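Novice: Reproduced below are the annotations present in Swiss-Prot:
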BINDING   28, 42, 54, 140  substrate binding site
BINDING   64, 69, 101  Mg(2+) 1 binding site
BINDING   69  Mg(2+) 2 binding site
């Protein structure tokens with residue numbers, strides 16, 4: 001896979017997310033930026049699993065030196081390496097041992113799964129879903145030496161767009 005050829009899409013309603021880790025996985029995969037191969041990074045040290053499909057937006061550069069992270073919230077796992085068009089609904093603001101590490105929040109766009117059309121912002125999600133996401137990121141590194149996470153709060157689509165636009169500028 002040539003990541004440089006994957007377009008960012010139309011902000012905020014048709015963002016192309018590259019999935020690295022399927023919903024429900026306890027294995028952390030990363031796509032090797034040079035070869036495009038899906039590499040096993042590690043098995044989660046904690047007895048937990050990813051609460052959403054986890055990936056990134058190609059051709060962006062977040063403050064942590066990686067492409068900007070994104071969670072695609074839906075009810076089914078998406079294969080690692082797949083690209084899914086999605087719509088931004090918010091962002092989870094957090095920090096880890098490497099610095100700020102925000103996670104954009106998105107849902108599949110209407111063509112992919114129209115069941116999410118009524119989700120306009122993260123506050124439209126069930127509180128239980130938000131609690132699971134927050135709990136996951138508060139605890140997923142707890143058993144890993146020299147790693148830590150500080151989860152702050154969820155913010156709206158406007159904050160997500162600002163983070164994405166900054167990451168696009170950082171990449172150029």
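Note: Cβ is positioned from N, Cα and C throughout, glycine not excepted.
Describe the structural context of each listed feature in the structure shown, including burial, neighbouring residues and relevant distances.
Specialist: A C-beta separation below 8 Å, combined with a sequence spacing of at least six in one chain, links residue 140 (substrate binding site) to 44, 46, 48, 149. Following the DSSP three-state reduction, the secondary structure of residue 140 (substrate binding site) is coil.
Around residue 64 (Mg(2+) 1 binding site), the same-chain residues six or more apart in sequence whose CB sits under 8 Å from its CB are 96, 98, 99, 100, 101, listed in sequence order.
With a cut-off of 8 Å between CB atoms and residues at least 6 apart in sequence, the same chain places 54, 55, 56, 62, 101, 102, 103, 104 near residue 69 (Mg(2+) 1 binding site), listed in sequence order.
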Novice: Widest Cα span across the substrate binders 28, 42, 54, 140, in Å?
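Specialist: 15 Å is the greatest Cα spacing among the residues binding substrate.
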Novice: So which other residues, same chain and not among 64, 69, 101, have a Cβ within 8 Å of the centroid of the Cβ atoms at the Mg(2+) 1 site?
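Specialist: Those within range, site residues removed, are 62, 63, 66, 68, 94, 96, 98, 99, 100, 102, 103.
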Novice: Using a 10 Å radius around its CB, how many other CB atoms surround residue 28 (substrate binding site)?
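Specialist: Result for residue 28 (substrate binding site): 17 neighbouring Cβ atoms inside 10 Å.
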Novice: List the residues in the vicinity of the substrate site, defined as same-chain residues other than 28, 42, 54, 140 with C-beta within 8 angstroms of the site's C-beta centre.
Specialist: 21, 25, 27, 41, 44, 50
